[in-house]
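Sequence annotations record features per position, and here Swiss-Prot assigns motif 'HXXXD motif' to 165-169 based on similarity to another entry. The active site, proton acceptor annotation in Swiss-Prot covers His165, Asp395 and rests on similarity to another entry. According to Swiss-Prot, the feature malonyl-CoA binding site maps to His270, Ser272, Thr273. Under the heading motif 'DFGWG motif', Swiss-Prot lists 395-399, citing similarity to another entry as support.
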Amino acid sequence: MTLHVIETARVTPTDYSVINSANLHKLPLTFFDLPWLLFQPVKRVFFYELTESTRDHFHSIILPKLKDSLSLILRNYLPLTGHITWEPNEPKPSIIVSENGVVLVTIAESDADFSHLSGYGQRPLSELHALVPKLPVSDDSATAFSIQITLFPNQGFSIGVAAHHAVLDGKTSSTFIKAWAQICKQELQSMPENLTPSYDRSLIKYPTYLDEKMIELVRSLKEDQTNIRSLTSLPSSKLGDDVVLATLVLSRADIERLREQVKNVSPSLHLSTFVIAYAYAWTCFVKARGGNKDRSVSLLFVGDFRDRLDPKLPGTYFGNCMIPVGCYNRKAAEFMEEKGFVTAAEIISDLVKGLSSRKIETIADTFVEGFSFQSWSTQFGTIAGSTRLGVYEADFGWGRPVKVDIVSIDQGEAIAMAERRDESGGVEIGMCLKKTEMDSVVSFFNNGLHS
């Protein structure tokens, strides 16, 4: 695969006068944002197939519409043009927006096979990463957001986004993409009210000590303690050429059959689609890793608290509003044995129930305590994305995406999750592994559905 970068455009909001009225020069991070301060960016790729995708058509029609609509929507998403800083006299970092803020948009062209890269089978991770831009970060400043638009001549194009996780979570990112798509497709001149982001941090009420706890947790992950205010990301995992990304699918019927398996053993559980899909994917993940059955494994996911706070936050709240919850230091044998799937479903069900029944301080304290005692040798499963984000609704005027991938699941053994593109109630599950291990996961996954 050869990628040719054509230009790096600096897209500014259409009218910066909005800054003054929005009072968004400075947006402090909350304790929901702080756990992600030093994590690698969240990287996602949207693939769009085109019936007409010549260079002339792309550069004269498609690209100008994408840039113009992006400029329009940035009026309402000013923090995406900013960067994170941690001023010497401040107890925690903030997002700073300036009048010369921009979103960098890389324009590129690829000679890769579009249908293969946008498919569901095993694809080289390196080729997918090439479709996502860099997100500049240093000790003193961390860029919030960047975009890459890549043309595959006579095939289609992709939109790759890199987002700093301390700036926005998956819901905010997905809402932004869908709002941008709507403005582009309908050629709107202003943001629909139901998509307008809310920046009111005063709605989030919590003890200030939680800020300090999250900052201490983040600091504990740094090897170099000489500059405790450094915003430089934690080192990324170095992956070989044999690492692939694949998307496995659970149909609605698959979910129902798996749900019945659990009900027959534990009828009183909370068995949402998320619980079933995560439990099944996780057990396949652990079985494929194999090894010592007494080895330590931990599983983690994040709960969205927009509807769980008092008062509730608007659905369009900008930023992170998630707390990680998890089950730590279990034995791999629990998930490798015959009833491993049911065990995983029981654990995840209890964790989901606890999101509504426990105080936010208790959940945060439990996360900090559990995460602090993790060993680097522990197999640690996490979830990126959700079946509720509606990522396949992002139609810019040339049809819905044929595929959406979260490329950053290569960092930390994450499992990506999204709604199935062409079936209500189905689930797409993305995994990133060495090819030999991926083959094993796929085998466990498919055999389990047909046994």
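Heads up, the Cβ atoms here are built off N, Cα and C, so glycines get one too.
On a predicted model such as this, the values are computed, not experimentally measured, just so you know.
Annotated features taken from Swiss-Prot, shown on the structure.
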residue: His165; record: active site, proton acceptor; Cβ neighbours (10 Å): 21
residue: His270; record: malonyl-CoA binding site; Cβ neighbours (10 Å): 14
residue: Ser272; record: malonyl-CoA binding site; Cβ neighbours (10 Å): 15
residue: Thr273; record: malonyl-CoA binding site; Cβ neighbours (10 Å): 20
residue: Asp395; record: active site, proton acceptor; Cβ neighbours (10 Å): 15
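Listed in sequence order, the residues Leu271, Phe274, Val275, Ile276, Ser349, Val352 complete the 8 Å Cβ shell around the malonyl-CoA site centroid, once His270, Ser272, Thr273 themselves are left out. With a cut-off of 8 Å between Cβ atoms, the residues of this chain six or more beyond the motif 'DFGWG motif' (395-399) that come close are 48-50, 62, 65-66, 69, 180-181, 184-185. Residues of the motif 'DFGWG motif' (395-399) grouped by DSSP class, helix first, strand second and coil last, total 0 helix, 0 strand, 5 coil. When the alpha carbons of His165 (active site, proton acceptor) and Asp395 (active site, proton acceptor) are compared, the span between them is 24 angstrom. The two recorded residues, His270 (malonyl-CoA binding site) and Asp395 (active site, proton acceptor), have Cα atoms 33 Å apart.
DSSP assigns His165 (active site, proton acceptor) to coil, not to a helix or a strand.
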